[in-house]
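Annotated transmembrane segment per TrEMBL: 15-39, 51-70, 162-186, 198-218, 239-260, 272-292, in sequence order.
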Amino acid sequence: MEFYLFVYRDIYTDLYWPALCVAGCFVSVALVLSLLLTFQHLRWYTRPSEQKWVVAVIFIVPVYATQSILSLWNANLSFACDILRNCYEAFALYAFGSYLVACLGGELQVMENLEDEAKKQLSKPLLEREKSSQLQHRTFCNFIFHPCLLGKELFSIIRFGLVQYMILKTFCALLALLLELCGVYGDGEFKWNCGYPYITIVLNFSQMWALYCLIQFYNVTHGKLQPIKPLAKFISFKAIVFATWWQGVGIVLLCNFGALPKEKKFKSGLQDFMICTEMAIAAVAHIFVFSAKPYHFLPASGYGKVTTEETTAVVEIQEDDKEEAVVQKTETKVEAPGTNITESVQDIVVEGGHKIVKDVVLTINQAIEPVHDGMTKIQETFHHISVSSPLGSKDELPMVREHHKNIIKEPD
């Protein structure tokens with residue numbers, strides 16, 4: 001124990017300034033690249049239905065980088081920054097799912113595509129009758145093994161999975177703040193009398209379910225999403241959300257097992273330093289994955305500056321006589337005029353906020369509906385029991401008759 005204290009006594013103090021300087025350089029790179037990419041999308045805001053969610057996904061890099069460097073600079077801000085970072089992480093996951101839906105043409109188009117795919121799957125001949133009858137029932141097992149069979153119900157399940165994580169993440173962040181104020185949260189401590197392990201378990205299952213819903217949606221729609229190269233977008237986004245979460249849990253476990261110092265400042269500082277470096281890498285990846293170049297041009301029926309590119313290739317064929325073949329290729333593009341950045345930001349805030357509120361209300365109603373149906377069935381059961389009981393039957397109710405008797409008493 002004395003050797004442990006001797007080795008790790010001043011490790012946080014010795015590494016503080018070098019780590020802060022290195023992290024600051026990585027954060028500067030991340031902020032410059034991410035803000036430049038965001039500005040490009042706002043300047044060429046030609047597809048609002050898609051780009052409002054692209055900007056929200058890209059903005060996860062400056063949010064993570066800023067909060068991590070502030071937490072590394074001042075350890076007292078670590079808890080508050082961690083709460084804000086977690087809340088935005090849940091929102092970014094929802095925004096990424098909404099971006100994929102927008103690329104497919106919107107919610108109605110997605111549900112139509114899923115219904116068509118379900119009809120195609122159900123119309124295929126099956127050798128085993130039992131398997132056929134089993135697939136026709138829309139059960140939870142179909143979501144795991146045969147998601148295509150669910151049709152538009154699959155979209156409802158996926159939307160519920162993404163929004164529930166956003167709601168639970170925000171609720172648990174506020175609950176963690178309340179428990180911290182009461183002194184019973186125990187950040188990074190796996191003790192039964194602390195709130196940290198219970199909240200971690202709940203958020204772990206919630207996040208795993210949300211990510212699994214996103215994977216199932218990708219498996220069903222990846223064919224139609226090929227023009228936007230979805231695999232690279234999935235990997236770049238999930239690496240941020242998934243890796244940072246398990247990275248923090250891994251650091252806590254290593255500290256509890258004695259592989260790293262158990263000092264709270266060291267645990268949070270190491271997590272913040274790693275996030276700062278990772279955000280610079282993520283910012284570079286986003287420039288290629290979420291590039292704004294596809295939004296610089298509109299279809300020829302749109303408006304803007306028309307640009308015609310003509311490519312001429314000369315092919316020489318040498319046989320008996322020298323011959324030349326000329327191949328010409330002409331491409332016509334319409335360069336979109338730049339959009340107003342203020343209007344772009346306003347559309348993101350207003351339209352995006354309206355969509356979020358709508359989905360949150362719908363998800364809460366979906367969660368309450370089974371409870372309401374269960375309570376209704378319980379009430380109907382009690383009512384049926386009371387009606388069918390011997391005392392509840394009309395024919396067997398005891399009859400009460402009133403008898404009136406006049407008694408006249410004469411005086412003696």
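Even glycines carry a Cβ here, placed using N, Cα and C.
Automated prediction, rather than curation, is the source of TrEMBL annotations.
Against the transmembrane segment (15-39), stretch 272-292 has more CB pairs under 8 A than any other of 51-70, 162-186, 239-260, 272-292.
Taking Cβ pairs closer than 8 Å, the transmembrane segment (272-292) reaches residues 19, 22-24, 26-27, 29-31, 33-34, 37, 40-41, 43-44, 54, 57-58, 61, 64-65, 68-69, 71-72, 78, 229, 232-233, 236, 239-240, 243-244, 247 in its own chain, all 6 or more past its ends. The stretches the transmembrane segment (162-186) and the transmembrane segment (198-218) are in mutual contact, each linked to the other by at least three Cβ pairs under 8 Å (pairs 6 or more apart in sequence).
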